[in-house]
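**Student:** I have a structure here, written as structure tokens, and I will follow up with some questions on it.
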């Protein structure tokens, strides 16, 4: 570990503590300033407009820095480091409420290599991002003429900053000073600052970055209404069919109970009651199954809590705050994983509970970290800012081993002791019942493939808005919609898996555990297929790095969604199966 890496790790750990110990002063962290106090302009990243995640350090292009002394910036949150935020001081001298006329702050000695770097950036529509008081600003590097023969660099940054009292509430950038790129010349870079009084409240200063016309479009409202009507229809249909069918089943089974043994033997016995001795038989591969159920319950808890926090707090106003919050909540909800996974494994008679706990604790982190590790190699090859620093990797590993694992252990112990007893309403036969032949569309493989269609249909419009906010330049803020869609998804998933399980049991096939999980989890397959459509028809992404980043993390997202849906479907179906076998009299 190099000296530089050691300092980065120390900075990640110590900076928050130092911030608590130092006296409070007016700066960009407090978002309050006194007259003529320094205002820092941070240069973040630069990259192709169509590849939002392919970003590089701003000074990886041969821009020159201002004359003011450099200020170091450390990643203040884990989310910042993971999202590739690389703030570097611009060197521009800006003071609160002090206007600056057009001033040259440096000159670029344009040799052939530097010109080629700028030409490449202009050809690929490179944009750069800056921050003033946590407010993002975007600018374009340059442009080409109509023939694509001559290339021009924007050299004049015209900043207009709005203030309300002692707070900055608005920042606008105008790029001017178009200069042709000619080798072996010197290009002067200049800036100006104009301050103006604004009526915008500090709490509302991010509203200009939102896009209500996009997120609150009639199509969005219509999709929510359509999904809601689907829920009403499904719940009504499931309730009506199952109540009527189950009533007939109960009546038939009661009539059979009144028959003597001879009549019962001659009778035509069929239906879900016949598998009562096998329906609560442990699933195949109980260790993996219980780990998936525990992980799915945890993902659902994380999704619910993060959405509620996002509704209460504007997490999009702070760099990396959404990712940092998700990581913290995931670590804090580890007992949920251990409780549900450990209790289910104990009910199914599992004895290697320590192995199950380790698999449950590291299933999702290993999947995410494995994908990130693979993409990190490509990011390092590209020298992209998305390359995760070594100190951040150490921090994530520490969270996994010293937070997630112990909390998962606590949950597993509680789950095994509080609800780990196999209190099934029916005894399990010693010898498994043979599964009779059935029609092809009643096979578990067919049910699994068809089970995810309706849940996907209830969310695919929302997927478009979520994809656009993450892969394009939109800020997602309508978390009320997301909460409603999550509720609708859970209801539709439970209804579909209950119907699928009922038909499976009626065909005297008792392998319902994996079928209920996989039929709900197959929603992820349709989401991942939709991501292919979105990539080729809704974006203009290109290149190895952006493509691997997109499909790698879409695979992670789809898998996590599938595990969550599978766990929700299984939990709902498990309650249904327990209920119907509790209400029927069995010898």
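Cβ coordinates come from backbone N, Cα and C, glycine included.
Heads up, TrEMBL stuff is auto-annotated, nobody curated it.
TrEMBL feature annotations, pasted as is:
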SIGNAL    1-26  signal peptide
TRANSMEM  221-243  transmembrane segment
TRANSMEM  287-311  transmembrane segment
TRANSMEM  323-346  transmembrane segment
TRANSMEM  358-382  transmembrane segment
TRANSMEM  388-410  transmembrane segment
TRANSMEM  445-467  transmembrane segment
TRANSMEM  479-505  transmembrane segment
TRANSMEM  517-537  transmembrane segment
TRANSMEM  549-571  transmembrane segment
**Student:** Counting Cβ pairs under 8 Å that are 6 or more apart in sequence, does the total for the transmembrane segment (358-382) and the transmembrane segment (287-311) reach three or more?
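**Tutor:** Counting Cβ pairs under 8 Å, at least 3, so yes.
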**Student:** Counting only CB pairs under 8 A, let me know which of 221-243, 287-311, 323-346, 445-467, 549-571 has the most with the transmembrane segment (388-410).
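**Tutor:** If we count Cβ pairs closer than 8 Å to the transmembrane segment (388-410), 323-346 scores highest.
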**Student:** So, do the transmembrane segment (323-346) and the transmembrane segment (445-467) meet, by the test of 3 or more Cβ pairs under 8 Å (sequence gap 6 or more)?
**Tutor:** no
**Student:** Are there three or more C-beta pairs under 8 angstroms joining the transmembrane segment (445-467) and the transmembrane segment (517-537), sequence spacing 6 or more?
**Tutor:** yes
**Student:** Who are the chain neighbours of the transmembrane segment (445-467) in space, where the CB to CB distance is under 8 Å and they lie at least 6 residues beyond its ends?
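**Tutor:** Residues 214-215, 219-220, 223, 226-227, 230-231, 234, 476, 478, 481-482, 485, 488-489, 492-493, 496-497, 500, 503-504, 515, 518-527, 530-531, 534, 538, 565, 569.
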**Student:** Which residues, given as numbers and ranges, are at least 6 beyond the ends of the transmembrane segment (479-505) yet have a Cβ under 8 Å from it?
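**Tutor:** Distal contacts: 215, 220, 224, 227-228, 230-231, 234-235, 238, 241-242, 245, 272, 275, 279, 300, 303-304, 307-308, 310-311, 442, 444, 447, 451, 454-455, 458-459, 462, 465-466, 511-512, 515-516, 519-520, 523, 565, 568-570, 572-573, 576-577.
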**Student:** Which sequence positions outside the transmembrane segment (221-243), separated from its termini by at least 6 residues, show Cβ-Cβ distances below 8 Å to it?
**Tutor:** 454, 457-459, 461-462, 481, 484-485, 488, 491-492, 495-496, 498-499, 502
